[in-house]
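Engineer: Please find one structure pasted underneath; my questions will follow.
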Amino acid sequence: MLDFLAITLSGKPPQVIQGETVNLKWQWLGEGILTLVPHRSYTQSVVISAGIHGNETAPIEILNQLVTDLLAGQLPLSVRLLVLLGNPPAIRKGKRYLSNDINRMFGGRYQHYTPSDETRRASTLEQRVMAFFQASHTSERLHYDLHTAIRGSYHPRFGLLPYQQTPYSAAMFRWLRDIELDALVMHTSAGGTFAHFSSERCQAASCTLELGKALPFGENQLSQFSAITQGLRSLVSDSALPARKTENMKYYRVVKSLLRQHPDFKLRVAEDTVNFTRFAQGTLLTEQPNDNYRVEHPYEWILFPNPHVALGLRAGMMLVKMCESELPIT
């Protein structure tokens with residue numbers, strides 16, 4: 001039986017690149033790229049990606065187990081499915097990326113970088129996702145991009161909705177609620193993420209899922225992500241999810257991107273600051289020539305603080321809380 005992760009890590013294609021089981025047909029489309037199509041009829045085309053950052057191993061392990069169970073017939077398949085391991089060379093080396101962050105390159109932004117394996121990979125992933133969605137006229141398109149964060153978080157499991165000018169899918173929102181996310185963040189401007197690409201270019205209902213903190217293979221406590229794992233299994237098998245057992249999600253929207261625009265940029269937060277740390281109005285957060293930032297709202301929460309990004313890139317985001325009723329859903 002095909003071992004998706006092991007073959008991807010080997011750097012060599014499988015000897016057999018397509019086959020079928022009692023429930024499905026599968027095809028290897030390239031390194032870390034696999035389609036699975038059920039014999040039965042389906043109404044959804046679903047993309048699940050992991051490993052866009054090579055050191056984010058928990059989502060890779062979760063996705064690989066999902067593929068293993070589908071191919072073994074232990075889990076029925078009810079959707080047309082594309083699974084992707086985003087950056088295999090970085091996964092092999094246990095690094096976030098080798099040259100540049102692929103998750104800043106989508107939507108054609110890779111063309112603005114020095115050509116590398118990672119710019120070529122971003123292009124390949126775009127082409128494969130567009131071709132996958134264009135090849136079927138299913139009524140619903142979904143994309144979940146699985147990640148873990150560099151640092152800890154007051155909300156260990158959270159989602160990020162890409163900016164879009166149309167309302168978000170109500171079905172996707174219900175699924176996100178039922179997989180017991182702690183928080184949901186709404187972007188308010190376009191970006192170079194994989195989820196933004198599939199939303200904007202493919203009209204997919206897309207979301208980036210953050211599952212705890214990045215750890216090496218074998219050190220993840222996957223039990224803390226059991227609701228998300230069950231959610232993915234429910235999604236691909238079209239089975240019901242149990243009702244949410246934890247407290248309601250918290251909702252945030254982005255109000256400021258903290259850009260590092262000068263070599264003397266300083267991010268005035270402690271090195272051990274965790275995601276969703278709160279700061280009061282007037283707090284000085286960034287300093288650089290001609291552009292300091294102080295908290296403008298009564299309270300703002302910081303997400304992804306990282307003062308070491310390259311010039312021109314985002315060193316963090318500032319959020320404000322919002323009500324569920326403020327989220328545009330159709």
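Including glycine, each Cβ sits where the backbone N, Cα and C put it.
Heads up, here are the entries from Swiss-Prot:
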type     : residues       : note
ACT_SITE : E210           : active site
BINDING  : H53, E56, H147 : Zn(2+) binding site
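Set these features in their place in the structure for me.
Structural biologist: Neighbour list (E210 (active site), Cβ cut-off 8 Å, at least 6 residues apart, same chain): H147, T148, A149, S153, R157, F158, G159, L160. In the three-state DSSP classification, E210 (active site) falls within a strand.
In the three-state DSSP assignment, the secondary structure recorded for E56 (Zn(2+) binding site) is coil.
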Engineer: So which other residues, same chain and not among H53, E56, H147, have a Cβ within 8 Å of the centroid of the Cβ atoms at the Zn(2+) site?
Structural biologist: A50, G51, I52, G54, N55, P59, R96, N103, L146, T148, A149, A214
